[in-house]
Amino acid sequence: MLLPSNLTTSTLMTSSSESYDADNPGLPPEPILSDYVEMFTLVLNFIVGAPLNLAAYTQLSERPTSTRLDLLKRSLNYSDLLVLFIYVPSRACWLLTYDWRGGDALCKIVKMFHTFAFQSSSNVIVCIAVDRLLSVLSPSHHSPNKALKRTKMMLIVAWIVALVISCPQLFIWKAYLALPEYNWSQCLQIWEIARMEKFNKPQVVPEFDAEFWYSILHISLVFWIPCIIIMLSYIIVISWVWINSRPSIRHTSSFSFHTGCDTVDTVLTRASEWNPLKTFSRHVNIKEPEKPMTTPRIVVSDETEVPLTQRPSISPSEASAVMRTGVHTSTSYNANLNRSRALRVSLLLVVAYIICWLPYNLISLIQFLDRDFFSSYLKHVHFCQQLIIFNSVVNPWLYGFFGPRRPSTTGAGRH
């Protein structure tokens, strides 16, 4: 069974011409083994993913105050729910019936929401990456309210852009009665309909291949442009972390006593709490004005450490000595720990997105470069498509909605 020429994540119904039986041209096509396998995986993804995402939705919506990461997780949860409750049922119903019975209006609306669901997923992941980048570059990181407003604005723009990109589907997809004698109709792109109507007529190659350029533009907007933005953002963040994790006199207190190097959590914490990046300098100028009372950072090397508030009480003189050696209060400890967790959760979500989306979109590019090579890998395409659905299933596990709650009154809007 061939895939449509517009092999993008918005192409979610196989056209009638793709499953058309050449030996019996007058009969509707019948499902094959790969269709039943795909239907099984869709149902399995729904059974596992729907409860997880609904539980995540319930817990996220019950939180009285929202950090930046909570806002990003909410938007990602909304897009995952769209994928699981709009795309999965409609695709499964089509595989079950091999017929489109919703009429022209529903065909257009469903296709628009398909594109909207996948485009919003990509856009939210971009927001997560850009938020991590701005936490290093932007001065608003030191103002929690400004940072929270910035994240809200990014998400609003992301959803509006997803809606705008989805609207052309209203004009590209149509319900088409392919076999009137069997009342067998399909929801097809206008180019597929034109090819079917001209099946027995001489083919005229158009000067401007609208379908080709539409496919290139669409796959770029859905995946490749977001992927490039994500990669650039994390390259800058990782470069910033690496440069500023080099051993120096100023940060000797952040070394591990076992290895003599910065711990992983210390490096991650620095990426979210240091001053905004202006130039990639190595702090050559050591002669800085000494401040009368500076509070060094705490090394967050183990998330299971006992908070400082639970440690034995000490005398005032000992407390003064502890302050001089760089130990913060439990509030500072929790804030640094939450920043470190936020960075790791963000990185996990981005990595899962790349792993799940890249195979399908690579194959979609191959069809434009080498159709013969592309044809040899068609049997793997639906498996790669299921990886994209699986991404919506695994996201709640990655951002850990079932984990321990963080303090809602400390560091709000800073993560």
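Using the three backbone atoms N, Cα and C, a Cβ is placed for every residue, glycine included.
Here Swiss-Prot flags 1-19 as compositional bias 'Low complexity'.
According to Swiss-Prot, the feature disulfide bond maps to CYS107-CYS187, an assignment based on sequence analysis. The DSSP secondary structure for CYS187 (disulfide bond) is strand.
Among the features that Swiss-Prot reports, region 'Disordered' is placed at 1-25.
The topological domain 'Extracellular' annotation in Swiss-Prot covers 1-35 (among others) and is backed by a curator's inference.
As annotated by Swiss-Prot, topological domain 'Cytoplasmic' applies to 57-75 (among others), with the evidence given as a curator's inference. Mean model confidence of the topological domain 'Cytoplasmic' (57-75) amounts to 85 (pLDDT, 0 to 100 scale).
Tertiary proximity for the topological domain 'Extracellular' (97-108) is limited to same-chain residues at least six positions away from its ends with a CB under 8 Å from its CB atoms, namely 13, 19, 28-31, 169-171, 173-175, 184-187. What Swiss-Prot lists as topological domain 'Extracellular' is 97-108 (among others).
The topological domain 'Cytoplasmic' annotation in Swiss-Prot covers 130-152 (among others).
Marked as topological domain 'Extracellular' by Swiss-Prot on the basis of a curator's inference: 174-222 (among others).
Marked as topological domain 'Cytoplasmic' by Swiss-Prot: 244-345 (among others).
According to Swiss-Prot, the feature topological domain 'Extracellular' maps to 367-382 (among others), an assignment based on a curator's inference.
The feature topological domain 'Cytoplasmic' is assigned by Swiss-Prot to 404-415 (among others), with a curator's inference given as support.
Taken from Swiss-Prot, the feature transmembrane segment applies to 36-56 (among others).
Among residues of the same chain six or more beyond the transmembrane segment (76-96), those with a C-beta under 8 A of the stretch's C-beta atoms are 12-14, 31, 35-36, 38-39, 42-43, 45-46, 49-50, 53-54, 56-57, 60, 110, 113-114, 116-118, 120-121, 124-125, 128, 349, 389, 392-393, 395-396, 399. The annotation transmembrane segment is assigned in Swiss-Prot to 76-96 (among others).
The annotation transmembrane segment is assigned in Swiss-Prot to 109-129 (among others). Tertiary neighbourhood of the transmembrane segment (109-129): same-chain residues 9-10, 12-13, 72, 75-76, 78-80, 82-83, 86-87, 90, 102, 151, 154-155, 158-159, 161-163, 165-167, 169-170, 172-173, 187, 221-223, 226, 229-230, 233-234, 346, 349-350, 353, 357, 388, 391-392, selected by CB-CB distance under 8 Å and a gap of 6+ residues from either end.
Residues or ranges marked as transmembrane segment in Swiss-Prot: 153-173 (among others).
The transmembrane segment annotation in Swiss-Prot covers 223-243 (among others).
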Neighbour count check, CB within 10 A, over disulfide-bonded residues CYS107, CYS187; minimum at CYS107
